[in-house]
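Beneath this line is the structure, given in structure tokens, with notes to follow.
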Amino acid sequence: MNHSAPGIPPPPRRVRLKPWLVAQVNSCQYPGLQWVNGEKKLFYIPWRHATRHGPSQDGDNTIFKAWAKETGKYTEGVDEADPAKWKANLRCALNKSRDFQLFYDGPRDMPPQPYKIYEVCSNGPAPTESQPTDDYVLGEEEEEEEEELQRMLPGLSITEPALPGPPNAPYSLPKEDTKWPPALQPPVGLGPPVPDPNLLAPPSGNPAGFRQLLPEVLEPGPLASSQPPTEPLLPDLLISPHMLPLTDLEIKFQYRGRAPRTLTISNPQGCRLFYSQLEATQEQVELFGPVTLEQVRFPSPEDIPSDKQRFYTNQLLDVLDRGLILQLQGQDLYAIRLCQCKVFWSGPCALAHGSCPNPIQREVKTKLFSLEQFLNELILFQKGQTNTPPPFEIFFCFGEEWPDVKPREKKLITVQVVPVAARLLLEMFSGELSWSADSIRLQISNPDLKDHMVEQFKELHHLWQSQQQLQPMVQAPPVAGLDASQGPWPMHPVGMQ
């Protein structure tokens, strides 16, 4: 490693994160940085918050400082020490890299030894020097972002406080409280299943004991299973639409293109996206919406490395107390904006708006997605009557106009919402979905589809069978003359309208 002259900080340099970080874990020179299992797929990083946990006993001998020095962002005796920024830089690098995935985000109740667990992803052989890789570099691009952020505040879209009085359009949600079995309850906060925090206690002088606990959590279930199913799953899903995760929504938060949090919610009524310390209560339904909604808090901006970006992001989060409701009604998805912060969006039901900014009016129910419309367009696409597959992704932009000429990655706060059932159906017919046991998390939803939707699924199933005649594979069970009360999972008319 070449060193610059004394007193002159080295310029930002390209560093291949995966080999560097794996080597640091193997070196065992940083306290607490260690492999979780013998396969060296999961590793543990102590993740202290200086403002909440005080200074570390190990001083500045951390992997965060080492990364800052390796990337040329910190030089001993020249730059002022900034542990918070070092930590944010490494987290951003991990989030941007395709070689790592956050597996477990540690307990949420401020434990004495907070930590994260990352997974090393298998992306084939390591790239050579001439091949593209997920290098991490800091330089001119971030400096340009700083200048752009400095001019941003006057253009942030924040409304004046709403005047007292009834909302423009009333909204209501189903009152029934659906109970889900614990085994089917999805984690809130991460895409992969989250192990029990009580079993994932941080090591305290006994790393061996910590490793003995983890396999008991990690081995069972879909993460450890890689055997392909003995029968094709797709025909069963189309025969029995209630096997599709109709209430599942994938939600991805992004702060200027960096994703601090991705999660899946399965509440049959929907969710509320908000940022506040105030809890929704039954007595404050008019302020925060029904308490039966999944309450999803925006990620903290504390790990944003840029001071200016963090400042402006906080300006918007401060007026997101009441939040944005995503309401599931029948087979449609709606948005109800309660917050003072303006919200703009794009999605399947907004195509007519083109590239012009598309705001969500405050306290007015706005239709975002229709499963019936998606199924009709999917059938037309599969028959070759349309050239493009039906869209299903929904994007929200908070406090800035969208769509416009500015790319989404440059917006302060964006949220992507994906109806999981639509994504699965499209992937089934495009051949993009790998039907291994760990590729789909099946859930049973209430069979509340309308009668004509059953006909749409039967037509999709017929198209699927036609495709399979072109290639040899295990045949699905015969479905001739099938009606809604037949098949391996019979559909009953309970709940249909």
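For all residues, glycine too, the Cβ spot is worked out from N, Cα and C.
When pLDDT is averaged over the DNA-binding region (14-122), the result is 81. As annotated by Swiss-Prot, DNA-binding region applies to 14-122.
Residues or ranges marked as compositional bias 'Acidic residues' by Swiss-Prot: 137-148.
Here the Cβ of K410 (ubiquitin cross-link) has 14 other Cβ atoms within 10 Å, regardless of which shown protein chain they belong to. Secondary structure at K410 (ubiquitin cross-link), taken from DSSP and collapsed to helix, strand or coil, is helix. Here Swiss-Prot flags K410 (among others) as ubiquitin cross-link.
According to Swiss-Prot, the feature ubiquitin cross-link maps to K411 (among others), an assignment based on experimental evidence.
The phosphoserine annotation in Swiss-Prot covers S157 (among others). The secondary structure of S157 (phosphoserine), as reduced to three states from DSSP, is coil rather than helix or strand. When other Cβ atoms within 10 Å of the Cβ of S157 (phosphoserine) are tallied across all protein chains shown, the result is 17.
Here Swiss-Prot flags S300 (among others) as phosphoserine, drawing on similarity to another entry. The Cβ of S300 (phosphoserine) has 14 other Cβ atoms within 10 Å, all protein chains considered.
The phosphoserine annotation in Swiss-Prot covers S430 (among others). Every protein chain considered, the tally of other Cβ atoms within 10 Å of the Cβ of S430 (phosphoserine) stands at 11.
Positions annotated as phosphoserine by Swiss-Prot: S434 (among others).
Under the heading phosphoserine, Swiss-Prot lists S436 (among others), citing experimental evidence as support.
Among the features that Swiss-Prot reports, phosphoserine is placed at S439 (among others), with the record citing similarity to another entry.
Feature annotation from Swiss-Prot assigns phosphoserine to S445 (among others); the stated evidence is experimental evidence.
Under the heading region 'Disordered', Swiss-Prot lists 124-178.
Per Swiss-Prot, the feature motif 'Nuclear localization signal' maps to 12-18; the stated evidence is similarity to another entry.
Sequence annotations record features per position, and here Swiss-Prot assigns motif 'Nuclear export signal' to 149-159 based on similarity to another entry.
Around K411 (ubiquitin cross-link), the same-chain residues six or more apart in sequence whose CB sits under 8 Å from its CB are Q254, R256, C397, E400, W402, listed in sequence order. For K410 (ubiquitin cross-link), the nearest of the modified residues by C-alpha distance turns out to be S157; the candidates were S157, S300, S430. When the Cα atoms are compared, S430 (phosphoserine) and S300 (phosphoserine) turn out to be 37 Å apart. Cα spacing between S300 (phosphoserine) and S157 (phosphoserine): 20 Å, rounded to the nearest whole number.
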